[in-house]
């Protein structure tokens with residue numbers, strides 16, 4: 001195994017090579033079994049040491065007399081404040097070496113928080129149930145080491161080390177291996193735009209890792225102009241895809257990564273650094289609605305506009321980021337289905353222009369969802385959509401997402417209509433815990449339902465263990481849950497049989513008002529067939545007119561109409577017409 005550019009690398013000789021970039025450091029040693037072994041200073045702030053260190057042995061860097069964990073540690077003993085561990089990434093025995101992934105068009109994604117599911121081994125045990133529900137992919141929220149034992153994962157500070165409270169590196173590899181054995185892809189959410197507020201020692205010995213002239217909501221921006229910084233994150237991405245065999249990555253908040261050239265470089269390095277023949281999917285979160293990254297570098301983007309438009313249409317909510325969509329939610333939903341982004345250069349409610357035209361992108365360049373960790377967990381009480389709207393409307397909206405040519409994503413438990421909350425939780429202590437708790441509550445002061453301080457005081461404390469425990473999905477072992485899983489599986493089966501084969505080459509033909517609060521969207525599939533969805537969230541029955549040779553694929557309605565072309569309130573109809 002070749003030495004990595006960061007961290008500890010066991011070598012075939014039995015030695016281990018340690019590398020650290022510490023441009024502000026004078027002296028660096030490696031603490032091993034109580035002894036401090038000096039590292040050799042190379043050019044440009046790089047320190048290196050080759051010495052005997054066994055796999056599994058703990059170590060720390062001592063930098064100018066102060067101990068620090070390895071920022072590229074492949075594992076930690078305890079949390080971010082404990083010693084780092086030497087890891088042999090080649091020690092795991094893979095059982096499904098022939099796996100090459102699945103084409104993107106086949107993705108039906110379940111977003112999962114590993115901690116809420118019980119850790120790596122617990123998720124592995126639940127894989128057959130997820131497969132049987134119809135999922136072809138799971139997407140793990142970030143698993144990099146964070147302070148404490150409870151966190152969404154976006155406050156990680158050691159991005160190479162799987163979170164110790166979830167399990168070991170080999171247990172994470174077994175999760176991925178087990179999913180592959182069931183025919184499922186595993187995607188990983190990674191955070192390259194910032195590091196968390198606690199346990200990050202880099203500013204002390206590598207201040208050049210950051211740029212003070214560019215603030216972000218999480219502190220100074222990471223300086224992607226520097227080669228060592230770029231290499232750090234390229235190595236991280238390749239580690240997850242090569243050593244852990246993840247099938248893809250979702251990059252968090254790339255609109256805060258500057259310069260954007262890093263994103264193109266990262267995609268190129270990934271494509272060139274992995275064996276040919278693998279299906280590797282690179283996803284983005286990008287508030288700027290910039291389609292250029294999707295033209296040839298990245299596979300798809302989370303469609304936040306799609307979520308926001310649908311949420312405003314389904315619930316009537318108008319506050320926060322729904323203000324941009326509340327005035328014309330049906331029109332926005334129609335544009336999203338036809339063109340991808342809603343905002344393509346228009347001004348938002350604050351007067352800022354956002355986005356670029358996206359109508360040239362294929363539908364599968366967008367990941368569509370009714371909710372994800374952000375949209376649930378960033379509500380004061382973590383309410384899921386199913387608790388906000390009638391059950392019939394929720395089912396119709398689920399069917400819309402499942403049967404749209406965009407790639408569908410659901411949040412853990414959606415397949416059985418889970419209604420337990422998903423709250424914002426952390427495991428901070430002292431002053432930082434108070435700042436997070438009060439900051440969280442003050443964040444909602446402008447919302448009408450929480451203008452009263454007493455009402456805000458009822459918002460769960462992110463640092464309380466009870467907040468985390470309340471966020472675990474509950475109720476999945478009931479007869480009602482089993483019925484919902486069968487319904488969800490039917491939707492996925494209809495998608496796989498009638499829609500997925502035609503997604504390559506698919507393009508939108510537009511979206512039209514059907515009447516009231518209803519729409520009909522149409523796509524020309526790659527095989528020439530016409531795919532149509534009629535969606536009604538109004539109060540009255542409406543008539544729609546499929547073509548003379550149309551075959552209705554699915555009708556989701558509490559009270560199906562007596563006529564083949566009748567669409568009741570809170571319903572969705574999907575049909576397919578053969579090629580002309």
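Cβ coordinates come from backbone N, Cα and C, glycine included.
In TrEMBL, annotation is done automatically, which means it is predicted and not curated.
Feature annotations, courtesy of TrEMBL:
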DOMAIN    111-455  domain 'Glycosyl hydrolase family 13 catalytic'
ACT_SITE  252  active site, nucleophile
ACT_SITE  285  active site, proton donor
SITE      374  site 'Transition state stabilizer'
Quiz item: Given residue 285 (active site, proton donor) and the residue listed as 'active site, nucleophile', what distance in Å do their CA atoms have, once rounded to a whole number?
Solution: 5
Practice problem: Might you list, by sequence position, any residue in that chain lying six or more from residue 252 (active site, nucleophile) with a Cβ less than 8 Å away from its Cβ? | Solution: 142, 154, 189, 190, 191, 192, 193, 285
Quiz item: Around residue 374 (site 'Transition state stabilizer'), how many other C-beta atoms are within 10 angstroms of its C-beta?
Solution: 20
